Amino acid sequence: MTRLNASQRRGLIGALLLSLLILLIVGLYALWGESWQARVLYAAFVNLIVVIGLQTFMGNANFAVFSHAAFMGIAAYAAAICVTPVAMKAVSLPDAPWGLNAFEMSPLASALVALGITGTLGLLTGLFMSRLTGVGVTIVSIAILVIVHSIFLHRTDIFKGNQALFGIPRIFGLTHVTVLAIVAIFAARLFRESAVGLRLRAAADDEIGARAMGVDVHRARLVAWVVSTLFFAAAGIAYAFFLGTISARPFYFNFVFLTVAMLILGGLRSVSGAVFGTLLITIGLELVRWLETGPTLAGVKLPQMLGLSGLLLGVVIVAVMAFRPHGLMGNREIEDLVLPRKGTS
Amino acid sequence: MDYAVQQFLNALSFGAEYALIALGLAIVFSIMGLVNFAHGEVIAFGGYSLAVVGTILTGNPLILMGFVLLACVAVAVLLEKVAFRTVRDADITTGLLTAFGVSIILQNVFLLLGSPRPVAATQLIFLDRTLWLGPVQVSSLQIYETVATILAIAGLGLFLTRSNLGIAMRAAARDFEMVRLCGLRANRVVSGAFAISGLLAGLACIFIMARRGSAAPHMGFDPVLTAFVACVVGGFGSLPGAVLGGFLLGFLEVGMLVLLPQSYGGLARAAVFAMVALVLIWRPDGILSPASEKGDKI
């Protein structure tokens, strides 16, 4: 095994600290939590995996991309279609073509198939995403989102469109997703400190300079793009394996708004920022959802206010961009708060 | 033959609408590098103001049209002052995400103050009548739309080449610092760009409202999305590119609707976007991309 360099060792410490934070939250829930909070926590961890995946591309390459919900949806559907028993698929997908309702696989094999399909699509889209510049990346990522969503809606025989695809075995629990989230934190942190991660960050700061130093920018972007789609795939699989029913609606713009706001609040450029942003927005949204239903507060019945949670997300994005463009964490990772960096900063 | 002429007119009017919106996006981007995701909400604001003023004050369509234009210009200039001034010198991603946030805020404000369901505003649908040009059946709205767009493009061209502010804007698209050194106020140039983009959005809004007859929080989102794609294909920040991209997408979309079987109608937009992605593999910066600022091609 190759020896890790100094920043990679610091990365491991940082990932360890973040994992402890995650374990602390799960521990608090195990001691005092109520059962409905398990769902909130599960959703938060699925979002966390997505946001960390976003960070690996958006943060390191400094491009805004919005296609992650599409890749998550592809993986969720692929895993769901593979793992659902044939008897159940006869009911839930009676018209599926190509014998999609005539086979079933073990959960592990289904997850691998889903990862494989999503990764392949990531590679194919990455071939042109990595060559685009600036705004083009963002717009084409939105185009990918729209294309995938309209295919989900159109092929109702495979994806059931806006109706639910039901009967997926509920294999995952909070333990699984906690482990997955911790693995994601370590993977993203090691990727950030790896040679490819460093090249990407260099190219994001100064593309001409990085090229002059011999960095193959397109290749580095392609690697990061594919890696990030694998994170989205993992999140999609965890989503399908927990809920037992999926539909096309959650894999669209609202989810994109949510996860992008989480990443921006914490700060694009660090994995710790992704984690903190996800946790803060999750807590904030739980409060706002309660306000949205029109609760009685100190004897006053508040009106029902739909759209308040969306408003909050927008305000968070604009406020962070105006006052702290690099998010709460900026370029710092969690270990920089605890252990001051030696030598050059 | 009649069918072909009819579809050609369809494509022309689709393209005109996209070109109008794409021009509004491109003029702001060329000057301050802002990808204005909130453009669709400017259009939706125009739609809501039509619904409100149309029911409370007057039903006179000419006054209402003027009012929609005014409302869109006002809200575009206001957004620049309130939200986009703070990120003017920031990098593209910061500006883009700010505009994205502004767009989410406005959509949800419409949702909170209006309703998730569309609000009826039928004052302008009289523009949409069926006409017969010889054997060809056309909608009057398509003709108005195409003519208005051509006039708007010509007017914009005159403004950009003849007026001082227009020339300053074109110069600012090349080198904003130099324009400021020449003694022109940055705020005036940027506000001017937003006012023009608002005016173009208002024009698009009139036609969209004439077709829909109702305002909804997300009404601007889809056309603006297509206009964005048009901008990218044409070369982001290039005004001729925006017009070219807009008409190209209009023709592609109508072509897809004609060629794809009826049951695949829902996939027309997906097919158009996929073709655009192919164009971008060929030219990653768009067809008429402005001179690169990377410094390696001068």
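Glycine is no exception: its Cβ is also placed from the backbone N, Cα and C atoms.
According to TrEMBL, the transmembrane segment annotation covers A:12-32, A:38-57, A:69-88, A:108-128, A:135-153, A:173-191, A:222-245, A:251-268, A:303-323.
Recorded stretches compared: A:12-32, A:38-57, A:69-88, A:135-153, A:222-245; the one with the most Cβ pairs under 8 Å to the transmembrane segment (A:108-128) is A:222-245.
Counting residues 6+ beyond its ends, the transmembrane segment (A:303-323) has Cβ neighbours under 8 Å at 254, 257-258, 260-261, 264-265, 281, 284-285, 288-289, 291-294 in the same chain. Spatially, the transmembrane segment (A:173-191) is not adjacent to the transmembrane segment (A:69-88); fewer than three Cβ-Cβ distances between them are under 8 Å for residues at least 6 apart in sequence. Among residues of the same chain six or more beyond the transmembrane segment (A:222-245), those with a C-beta under 8 A of the stretch's C-beta atoms are 42, 45-47, 49-50, 52-54, 56-57, 60-61, 68, 71-77, 79-80, 83, 107, 110-111, 114-115, 118-119, 121-123, 125-127, 129-130, 164-173, 176-177, 180, 184, 187-188, 191, 196-197, 200. The stretch in closest packing with the transmembrane segment (A:135-153), judged by the count of Cβ pairs under 8 Å and taken from A:12-32, A:38-57, A:69-88, A:251-268, is A:69-88. Sequence-distant residue pairs (6 or more apart) of the transmembrane segment (A:251-268) and the transmembrane segment (A:38-57) include at least 3 whose Cβ atoms are under 8 Å, placing the two stretches in contact. For the transmembrane segment (A:38-57), the residues of the chain that approach it from at least six positions outside its boundaries are 22, 25-26, 29, 63, 65, 68, 72, 174, 177-178, 180-181, 184-185, 188, 191-192, 197, 221, 224-225, 227-232, 234-235, 238-239, 242, 258-260, 262-263, 266, 268, 270-271, 273-275, 277-279, 282, 286, judged by C-beta separation under 8 angstroms.
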